[in-house]
Each structure stands twice: as C-alpha cells, then as structure tokens.
Amino acid sequence: MDAMVKSLRFALVGNPNSGKTALFNALTGSHQKVANYAGVTVERKEGRVQGTDGKSLIVTDLPGTYSLRARSLDEEVSRDVVLGTRKGEAAPDVLVCVADATNLRLVLRLALELKQVGRPMVMALNMYDIAQRQGLQIDLEGLSRDLGMPVVTTVATRKRGLPELIAAVEEQAKHAAHQSEWHAPSAAEVRTAHREAERLMKAHVQPPARPDTLTGKLDAVLLHPVAGLAILFGVLFVMFQAVFTWATPAMDGIEAGFALLGQWLGATVTNDLLRSLLVDGLIGGVGSVLVFLPQILLIFLFIIALEDLGYMARAAFLMDKIMGGAGLHGRAFIPLLSSFACAIPGIMATRVINAKRDRFTTILIAPLMTCSARIPVYTLIIAAFIPNTTVWGWVSLQGLVMFGLYAGGIVSALLVSLVIRRVLWRGMVEPFMMELPAYKMPDIKSVLMNLWLRAKIFLKRAGKIILPLMIIVWALSTFPYPPEGATGPAIDYSFAGMMGKFLEPIFAPIGFSWQMVVALIPGMAAREVAVAVLGTVYSVAGAEENIGTLATVLANDWSLATGLSFLAWYIFAPQCLPTIGVVQREMGSKKWTAIFVIYLFALAYLAAFITYHIAVALGAG
Amino acid sequence: MSKIIRLSEARRGDRGVIVQVGTHCHHEEHEVELERRLLELGLVEGAKVELLHEGLFGRDPIALKVDDMRVALRRREAASLNIEIGGEA
C-alpha cells in the first residue's frame, strides 16, 4: 500500500520577505536538510513536520517570488517543483501560499496564479501579530470563501498557528488535484489578476488603524542621499572591526587547538610518514582553512541580521549607482564587501543576485578583493622590502604600500567588471527593481538557525573539497624523500621542488626564483601557507612567528623588483584551492571555473611582469 | 491642474496615479519582459505612487511608495511608466 507509507508533501510559496523561511524554520526546527537539486546549483530546502496523527509530513521551502513565471534558474526550479514537472522530485500534495499579513496585495495576485496549478492550497497569513498591532482588520472567512481555500493565521517567530496550519494542510490533501491550467501569464492577464486582487482587498481587508510609520521615519534617515550613505559606511566600519578584531580570540583559539592536536599526534604517532601526513597534511592544511571559520560566521551573522532587519535592500539602493558605474548590480555590494575577509562567504552570498550574468560577474571579481589570508604575505614582503620611513612628513610608506595593494585589487575588480560588461555581455542591463520591505526586528532564533546552516555548509565543504586537496598538496611536497646526505630542505627534492625547478623558466620573466615557485605550489592550499613554505625553503623555523627573521633573509636573497613582482602576483593570483572549489560549486560549470582560474593567473602574470620590468628599468633589479 | 509625466522625470515628493505601464512598443522582447515585471511588483495602472527618496548621484535610483508598499527602481526602468500628478490623488 503505497499511499500508507508515502508521507504527505507540501511546499511553501510566497513573496520575498513574507517570513516564509521563518515559518519553515518554526515548522521543522532542526529536522531540515539543505542540499542542491540534482544537477543544478539551486538550494533545495526540505524538512519534516509532525502531523496531527503522529505521522510526519515533508515540507519544502521554495525561494521567494512574485510570480511562477521563471526568469532565473532558481525560479525555473521552483516553478517545476510547484508544477510537479521536475524530474526526480515528487510533486507537492498541497501548496501553502505564505503571505505577510500586513502586505497582502501582491501575494493575493500570486495566490490567484497558483490556483491555476490545480493543486489543493492553503493560505497562511504570517506575521499576524504585527497586523493586529497595526489594527488591520481582515475578514478571514470572506477571504477564504472568495479565494476558495482555507486561510489560517500564523506568527512564525512565536510558533503560533502552526497546528492549525498543519491540520488545514492535511484536510486539503484529501482533495484530489485538478489538471494544471497554468501558463506564463501575459501582461493583460497580470492586469486582470491585479484587479481581482484589488477587489478582494476592498471587500475583505480594512486598512490599518495604526499603520507602520516607523519604516517611513527610519527611511527618511537611512535612505537620505548623504546621511544614508554615511550610516551605511558606519555600519560597514563596525562590521569590519568586528570581523577583524572580535574574531581574533576565536581564531587564536582554533590555531592553538590545532597546534596542540598536532603536538599530541606528533608525540603519539611513531610512524614518520603517517605522522607527517596527519600533522603537516591534515592538521596543518585543514587548520589553516578552519581558522577562518570565526570570521566567516561573523560576516554571515551581519549579513543575515541585516537582511532580516530589511536593511540589505536599502544598502543595495544606496550603492546601486556607484556600483552601476562599473556595470555591477547594487546587490553585488555585500558579497564583494564580504570578500575582504574571505572570498568563500562572498561568493556564497552572491545568491542574493537573481540575474545570472550579474551574479557571474560578481563571482569573477570577488577574489580581487584583498582577503585576510593575503595579509600575512603582504606583511612579510612589505617588511622585507619597503623601508619603514614616512613620506610627505606623516604617511608611513609601508602603510601606503599596503593601501596601494588594497586599492589595486578594488580598481582592477571594477575594470574587469567593465570589460566583462563591454565585451562579453554588451548592452544587457539587468533592471534594478525590488521591494523595500518594512523594517522588522530580526528574530534571534531564526538568525542563529540560518547561521548554523551556513556553518554546516562551510564545514561540509572543508571536509569534502578541502581535505582531499590538502592531502594532494602534502603528498606533492613530501615525496619523494631527499637522498642520503642531502643538504637542502626536504621540499627541494620533492615533486613540488621538481615542479618548481621545471616551471622556473615560465616564472623567470617575472623575476621569480625556483624557490619562490616551490612556495607557490603548497601555497595553492591557502594563500598564507606560502609564508610557512618560504620559511621551510629558506630554512627559517617558525616563519609565521619570526616574520622579522624571514624578512631579513628574503631582503638579502631577492631583489626589490622581485619583491614587488611577488606582491603584484598576489593581488590577482587565485592561489586558493578552496575558493576555486566554491566557484565550481556556485557557478556549476567547468567552463566558467576554467575561465575564472585562467583569467586570474593571466592577470597575475601580466601584473607581475609589468611590475618587475618597470622596477628593473628603474634600477631596482 | 493635473498633468501626465514619465515617472523617470518625477522629483522627490511628487505623488500621483499610474496611468500607463510599458512603452507599448512590443517588438522588443525585453520591453515586454520589463512590463510584466513592473506589473508583478505592483506597478499597475491605478496604483497610487509617491516618490519618497532619490539616490545621491544623478538622483538615481528612486524609492517609491506604491499603494501600501515600498519599491526601489532605476530611472531607466521608471521611464516606461506614466503617472498623472496634481490630480485628486
């Protein structure tokens, strides 16, 4: 008896900002899993809910939308799931249309469109407490009669109305689905549906007695052309302070933890090879990526909280013109900003950009934002080659070079974006139009749940992608062993060493010695690993703690032109396998990943080449 | 005294009623698409609009109150909407 064991399935559909995800979280608690739909990089969120008779129901959360008409891949998947035409996905038995009770007009039109799908439906008026506070009068019975579906009220953040919602879903599931009559509505049909929605509003909804005036008052300041931008930069300043200072104790803790684990394993494991694999390969490699987890979590905490507050749409509004000058979408702002800490959360955050072209442009330039893993490399090379003097009386020359490296990344990102716009996707301008939702206090539980979700995705990735890569890099720099009586460091004799010497002719025109090329190979694991490897290659123990010693060694061994060339290389080079892994996952295309890697290496080579030869011509060779 | 202007020419504080959505030059795919997207976002004939905020550079983009919700769009897109201002609304 198939029907007995098959769980009832329902899907949540609704406008963006309707509290749909909060409702999904409230329904499923921790019984949810996030994966991708088969074959595409569209997030699939599914969870289990306890039904009235103890049997569990399966609920799917679909991305917020104003229409079933698909414009992006996400929306195509949502549409196919709703219609039940997506291969390998069971069609939902019931559709739940989630509405922000204080903002019904657009969702009523969506509900009318969804009715054409022919599946049993339930309307959930979410955030009903806010509607009541505003004195909004909704004739639930009348609305239910005219819409032809049960209407229940919910307050997701307080778990109110959930049993009623589930009961309504179970009741509706008893009705058979009709043949779908849905087709992409024409402009005329949208207009007709709007008139019908307007009629429903007039008939069943009394305007609020105490409308929300807070949003208007806040916007008067937060969207003010000058004050708004100033506040935005203030918010960003706090965010950056937090990411770079609050995260430090946790990062130090993780580092110390991995160091202790390494020491303990080093003392416990007697087999040399196994010890090296565990300590240098696994713990060293994974530790160097996991150490960024606190920063990544803090960035996501800010992004999620600001999004739930309703501020993200305002940030996009304020930045749209500035970003638009470089052919970027206003929504690209936050992902790019996050990339200053680490490109991985930045690239993951590009999911807020709907249009594929805008999203891909943003992903392509995200690694040009100077991430925090580059700081140790920059610090080392600057300490070695830039004299600690002041220019123009008060500006530190070293600080100026650091600023120049950041600015170089930003300027080249904007140039790349312009070129992409002009050459690749000429004349295609994605319209910027979006709802500015009413401000709402973020619900702490919902924020933490989303944060946990992001952390899980990051950790999973660290396990699945980063771990094997680390082992490969370790093997390359360990085997084969140095011959008897070898004098140089072991890495010189390894595959990495051989590759370094083999690749040297390619890198000679940009002033790199073979030792530097050797350092670049394990440095692929994560940028800052290059510092440790340079320490190994130049036999400076504990290079990360003894930057001063290593800097002196480098200053004697490299020319100034080589040092500057190395800095220029690091602005561009995609020296980070985890980032490449995330790009592959988010773009879902080998071709685009290849373009990403090749264009960045080409830019790095070009920049280093120009820097080196100008410096040599000026007598710094 | 009411007059009909393009929404893209409106200034902060202007209020009116949308009288036409879309340029009605329907040979271009993206024009048709833009019209439907504007409609789906509630920018439909008869909706009351008020221009609430303008961006710093070139007064772009603009934030509107459309009936009881708020919407942001660029003046470029707003050019395909006509509104009647100075009427009773």
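The backbone N, Cα and C atoms fix where each Cβ goes, glycine too.
The domain 'FeoB-type G' annotation in TrEMBL covers A:7-175. Residues annotated as transmembrane segment in TrEMBL: A:220-244, A:256-274, A:281-306, A:326-348, A:360-386, A:392-420, A:465-482, A:502-521, A:594-615.
Scored by C-beta pairs under 8 angstroms, the transmembrane segment (A:220-244) has its highest count with A:326-348, from the stretches A:256-274, A:326-348, A:392-420, A:465-482, A:594-615. For the transmembrane segment (A:594-615), the list of distant contacts is 363-364, 367, 412, 416, 509-512, 560-562, 564-574, 580, 583, 587, 621: same-chain residues at least six beyond its ends, Cβ to Cβ under 8 Å.
Sequence-distant residue pairs (6 or more apart) of the transmembrane segment (A:281-306) and the transmembrane segment (A:392-420) include fewer than 3 whose Cβ atoms are under 8 Å, leaving the two stretches without contact.
Remote same-chain partners of the transmembrane segment (A:502-521), defined as residues 6 or more beyond its termini with a Cβ less than 8 Å from a stretch Cβ, comprise 473, 476-477, 491-492, 496, 530, 533-534, 537-538, 557-559, 561-562, 565-566, 569, 573, 575, 605, 608-609, 612, 616, 621. Looking only at the domain 'FeoB-type G' (A:7-175), the predicted model's pLDDT averages out at 91.
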